[in-house]
Amino acid sequence: MVEFAQTLVNGLVLGALYSLVALGLTLIYGVMGLANFAQGEFAMIGGFSAFFLVQEGVSYPLAVVIGFAVAGIIGLLVHLLAFYPLRQSNHINMMLSSLGVSLFLVNLAQYLFSPNPQVVKSPLSGESFNLGGIFISQQRVLIVVISFILCLATFLLLKHTKFGRSVQAASLDPDTATLYGVPTKRISFMTFILGVALTGIAGALLAPVYNVYPTMGISLTLKAFVVVVLGGMGNVSGAIAGGVIVGLIESFAGGYISTGFQDAIVFTVLFVVLILKPQGILTKVQGEKV
Amino acid sequence: MLEIQGLRSGYGDITVLQGVSLNVNSGEIVGILGANGVGKTTLLKTISNLIKTRAGTINYQGKNLTHVPPSKLLNLGIAHVPQGRNIFSKMTVAENLHVGLDNVKKRVNPQEQLDYALALFPKLKERWNQLGGTLSGGEQQMLAIARALVTKPSLLILDEPSMGLAPIIVRSVFNAVKKIAQDGTTILLVEQNAVAALNVIDRLYVMDMGRMVYESQEMNDNELEKIKEVYLGAG
Amino acid sequence: MSKILVKAEQVSVKFGGLWAVKKVDVDVKAGEILGIIGPNGAGKSTLLNVLTGLQRPSAGQIQIDNGYVSKKDAWQMVKMGIGRSFQTIRLLNELTVIENLLIGGHLYTKRGLLDVLGRTVRWRKTEQQITNKAMELLQLLGIGHKAQEEISALSLEERRRVEIARALMTRPKVLLLDEPGAGFSPQESDQLCELILSIRNRGISVVLVEHNMKVIMSLADRIIVLDHGQKIADGTPKEISEDELVIRAYLGGEDHA
Amino acid sequence: MNRNRILFWTCILVGMICILSSLYLQNLYILRVAVFAVIAAMLAVSVNLLVGYTGQVSLGQAGFYGIGAYTVGLLTTQWHWSFWLALLAAFILTSLTGLILGLPTTQLKGHFLGIATLGFGIIVNVIFNNWTSLTGGPNGIRGIAPPELFGISLQYENYFLGFSLFCLMVVVLMVHLVVNSAIGRAWKCIRHDEISAQVSGINVYGYKLMAFSLSGGIAGIAGGLYAGFMTFISPETFDLNQSITIITTAILGGPGTLFGPLVGAGVLTVLSESLRALNELRLIIYRAILVTVIVFLPEGIYPFISKKLRKRGIASQLKLKDRRRELDEQDFSQS
């Protein structure tokens, strides 16, 4: 029972992180039609910013916030160099470009920071709650709380602000959106930056628990894709719910079947979903016109 | 108010508009009638710059529109309701209306405009928090018009508002159009449904194969016969 | 009475909550030109897609030569003798005219891996046959001299001809043309009419969706009118042009129902 | 004898010369690099069948590559099969894997297909790493016997290079024959427009499956060659990075062309070797160049160069002028 609860909690923590990364991914997909394989690298960027800032004596919370900004700024550069020139091209070229960007960022980080994992100290490191035999480190609680707040904030931003409505309109019907004054080009820029910055925060948050290293983003990207496929490409609430589902699957597969095979199990679930319901399990099917 | 001279445009290799000229005076409802496929929608999309002009000029209140991007038209007081009621299906009625309002907030009083649009289409108030995609066809058309209306346009461009609607709904939509014009908005209406359109418009153009083939100030059965000839090729 | 080649019974297509096509009967007889008309959004293209297997009907059945085919894919329908062209031309722009036509001859080639890798005698023979057939068709359509040009170098009118030629390469019994005259000048429309008649004279039935009323009224033996996804009239061009329902569908009208 | 046939035999001749001259190469470093380049080329050819000819993305090509290598590795070490039989088995097994993977995934398009194939690659890699009793886990398989031909061991690098070049030539020839037939035309049509293909009587699903199966088989052969050359295999060779390298090689060279993948493999090999002096900076510059090419030369290097060369030809220049004149006249008659 204790083991079950512990697995459940670990799954929720993972799920919260996946939701955050997938949220960025799905926003970008919705507005730009870009399947961004470089998404996880922005978590790496956020993680390393937090690492260096904490090392320089900056307080951890501030480091997290700056991680958000750094990921956003690098996101802007990447968008300008690797995606904006391809806006008229097909989506497959954009996807390949993002694969190239992903490898580039990983190699750059390996060159600049060495491939070894780095430990990030958070004031909450080492502290943990004991709930009837289940140990939860405070950092993990922080991850869940902040992720939840950010997901909620993004959701509210989309629902209740001018920017959010523009993003929704631009992803639903770009032509009509322009007719109502939505500057679709600027919106796609801003969405990309917001999307990768959210992932940057995820990186800064997970750093004290899982350490930071140049290749940390790859598995995050992959999981985020599974989440997004599960929740339906471009579906925001689907991404949040899907994140939790994938986190739980991974945690339980690791705990009860085999840690070695947990990724294979996650991707097998992905296969089944893709084949049976390619629109995602959380999206309603709509008729397709030829 | 709107003056178009020798307009040509099209898609890829196909030139759809073969030199279209027309003008719209302030305060009137001008109808462009024609069967499907004659280039009516292309004409409107060219006016909004969703399709590039290949030749000819579009003047609106003395300003050349040829290079104004579609997203800036609202600032000039032009609102274009596209064909097929392109409402944002996964956004609520309220959100749809706010997309219209968002970009004109400096110019208009949002509450006033919302009240005006909802008075015209009270049904939308009942559906306020429903997703656009779940509305009936008629309600979607009303929403599309209302979404344009809240931007307080001087010129409202409507692309076939009757499409796919039952006759009784068409009538209520057109009554609303008439009311909008009476309140001082100039309207450019593109329609296939000539009978319904003739009831509301002040002046009419008939389009065929990318050209204006007929123009008239009279709205009676005689005109209908003429339009029928163009439509059904019986002439 | 001539033989019925294609018979669609009560076919319906539903997109989301909307009936794009609702309980429509169509039959195409051998050697006739059947026109399909209707206002925007009436479901003409959807109906064509159903008849060519690109769209599965939500309900209803289709028979080709008395065999039910509702569950067949488009390529199997082609095998049974249905060919078509599209409103927005669907040719491969980077390839030459002749290459596009050879694609249409796909079903009549030897295409097993062993034949292809071995370049067998029968492989050569069928390749030669479809190449000859393609050249013959191009000559017939008056574009033989363009055989080696890329599609992107052709005019709109020539592309339409190539697309019709590609459809003819599949040796159809019934040829469906979706607005073959869109964007044509009156002169080009006249030439198109001649072309369609000559296709019919080769014993191929033609189903024609067209906006240009002059074209359809002069060509069609019979016309079906769709409105709101339903068939509202079926008759000779003369009957159609006098039909109250049709006139109302086009011009609109007050609701008397 | 027409121009195409002359070109065809010239290519065969050049191929033979390459094979023969490889036997006289003595520089061990160059030989090894060349063998890897040939294997990379074969992999690029395999993925080109998908991404180039039928317009399907595969981000899991390393999965087939790995299955091929492990089949040869296991059959020769555990069951003591001869290399040749094992290579044949690798081809058959990977073709089947391609077919089975294709059954559900060819229904998917674009990103979805990319993600699904990527998932396939990862699952295969996880199995290599964790099914320790069969695959040796992260330690891999050692002591794979290099192939022998007519009593001559191919463990000498120049013999192996000759052999692998021969395999590559056979594969390219096969692809050439297939592409220039109804099958290739069907693939091209599917890539550009599936609806067009359907109304031309092409069984889109069937032909996509065929492409998947052939592509898997060719990658499997490349895997077998790798195992035979290295005599040692481990999971890390067949990871996601490898899959991405394979697809970018094909894209870089020119997807949908016969020689594009070869050019891609050649350019990338030379690039990566000449950057070796830069040590750690090498990979970064290498990736930056990759992204630049994708962004600014999406059609690939080979088509770009061959187009440039063709444009220089006087005949085509005249043709271009004619076409321009035609266009001008058209404009004139319209206005």
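A Cβ is built for glycine as well, from the same backbone N, Cα and C atoms used for every other residue.
No curator has checked TrEMBL annotations; they are predicted automatically.
What you see is a predicted model, and the numbers here were worked out from it, not measured in a lab.
Annotated features in TrEMBL:
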TRANSMEM  D:6-25  transmembrane segment
TRANSMEM  D:30-51  transmembrane segment
TRANSMEM  D:81-103  transmembrane segment
TRANSMEM  D:110-128  transmembrane segment
TRANSMEM  D:159-183  transmembrane segment
TRANSMEM  D:204-226  transmembrane segment
TRANSMEM  D:246-271  transmembrane segment
TRANSMEM  D:283-305  transmembrane segment
- Is the count of Cβ pairs under 8 Å between the transmembrane segment (D:159-183) and the transmembrane segment (D:110-128), pairs 6 or more apart in sequence, 3 or more? no
- Message: Out of D:6-25, D:30-51, D:110-128, D:204-226, D:283-305, what stretch is closest in contact terms to the transmembrane segment (D:81-103), meaning most Cβ pairs under 8 angstroms?
- Response: D:204-226
- State the non-local partners of the transmembrane segment (D:283-305) in its own chain: residues 6+ outside its ends, Cβ under 8 Å from one of its Cβ atoms. 248, 251-255, 257, 259-260, 263-264, 267, 271-272, 275
- the transmembrane segment (D:246-271) vs the transmembrane segment (D:6-25): three or more C-beta pairs under 8 Å (separation of 6 or more)? no
- Item | Close approaches to the transmembrane segment (D:30-51) from elsewhere in its chain (Cβ under 8 angstroms; 6 or more beyond its ends) | 22, 57-58, 61, 64-65, 157-158, 160-161, 164-165, 167-168, 171-172, 175, 187, 211-212, 214-219, 221-222, 225-226, 229, 245-247, 249-251, 253, 255-257, 260-262, 264-266, 268-269, 273
- Item | Residues of the parent chain within Cβ reach of the transmembrane segment (D:110-128), under 8 Å, 6 or more residues beyond its termini | 56-63, 66-67, 70, 101, 104, 135, 137, 235, 238-240, 243
